[in-house]
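Student: Handing you a structure now.
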Amino acid sequence: MRAWIFFLLCLAGKALAAPQEALPDETEVIEDPTTEEPVGANPVQVEVGEFEEPTEDVEEIVAENPCQNHHCKHGKVCEVDDNNSPMCVCQDPSSCPATAGVFEKVCGTDNKTYDSSCHFFATKCTLEGTKKGHKLHLDYIGPCKFIPACLDTELTEFPLRMRDWLKNVLITLYERDEDNNLLTEKQKLKVKKIHENEKRLEAGDHTVELLARDFEKNYNMYIFPVHWQFGQLDQHPIDGYLSHTELAPLRAPLIPMEHCTTRFFEACDLDNDKYIALEEWASCFGIKERYRQGSGDLNAHLPALLPTLSCFNLPTSFGC
């Protein structure tokens, strides 16, 4: 029996020791190259490329700011109330931008210097409804300084220089107005007649006697400049009257240079109603009564121009 078992074990050992038959190699798959016909050769052939799965663009919905198109006057900022409605509230003066220098300072009618117009209007807003706030206005550009009293003789000379300056401002605008659209076409035609007039008194430091003679001699040259300046100021609203606020862009830069400015404009308000009508304005500049009504083109608004009028081609006799 043992001999038999031993015999079987020997056979099994011989079988395990014998070399195994090699497994057949994996067949290499070789793609059969096919000639690709150009697109269009077959009427039903469509060029196929790699396409990503289409994704749907989802727009991010941003809630509209109610204050975006809500305008607030100087000294106020827009805030949203509990109902998400815009409202104007007084600006905190401390939130005004930092000022760069003395040129940004302004002087109020309270004879107090404010760091900027932003600081002034924010302060004025906090005084709304009070007697002090009602009387407070922006007096002039620059820090407060001593303004000498305007004598009667000086007051008489003021409109002579002012008229000549307004005429020269318009002429300068006309000369620079190639592509800037500083004047309307109708205004250009009016100023062109003044510009081309050989009798025109050139800009310069002229005596009041010469200015007075030129006004009498070339009276028609001065009518439109006086009316034009009124139209540039009469904007909020356009009603034929100048309020203290509307007059500010002209008077505020002039006061530090021309100390009769305040008294002159106060004298223009003949009926003391705190507004200067066009007829009152024209009368102040010596325009004859029949020429005191303006044309419909006076109020063509030039928003970028008003803040720069004060020293624009200003004769040295006018303080610049």
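Backbone N, Cα and C atoms are what each Cβ position is placed from, and that goes for glycine too.
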Student: From the disulfide entries in TrEMBL, identify which of C67, C72, C118 pairs with C96.
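Tutor: If we follow TrEMBL, the cysteine bonded to C96 turns out to be C118.
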Student: Based on what TrEMBL records, which one of C78, C88 is disulphide-bonded to C67?
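Tutor: Here TrEMBL pairs C67 with C78 via a disulfide bond.
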Student: From the disulfide entries in TrEMBL, identify which of C284, C311 pairs with C268.
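Tutor: Of the listed candidates, TrEMBL names C284 as the partner.
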Student: Return the single candidate from C10, C144, C150, C260 listed in TrEMBL as disulfide-linked to C107.
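Tutor: Answer per the record: C144.
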Student: Consult TrEMBL and report which candidate among C10, C260, C311, C320 shares a disulfide bond with C150.
Tutor: C260
Student: For the disulfide-bonded residues C78, C88, C125, C144, C268, which Cβ has the most other Cβ atoms within 10 Å, all shown protein chains included?
Tutor: C125
Student: For C96 (disulfide bond), write down the residues of its own chain that are at least 6 apart in sequence and whose Cβ falls under 8 Å from its Cβ; none is a fine answer.
Tutor: D115, S116, C118, H119, A122
Student: Ten-angstrom check, please: count other Cβ atoms within 10 Å of the Cβ of C284 (disulfide bond), all chains counted.
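Tutor: I get 20 for this one.
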Student: For C67 (disulfide bond), identify the closest of the disulfide-bonded residues C88, C125, C144, C260, C284, judging by Cα separation.
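Tutor: Nearest candidate: C88.
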Student: For each of C72, C90, C118, C150, C260, count the other CB atoms within 10 A of its CB; which of these disulfide-bonded residues has the top count?
Tutor: C260
Student: Taking the Cα of C88 (disulfide bond) as the centre, which of the disulfide-bonded residues listed as C78, C125, C260, C284 lie within 10 Å of it?
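Tutor: So far as Cα distances go, the disulfide-bonded residues lying within 10 Å of C88 (disulfide bond) are C78.
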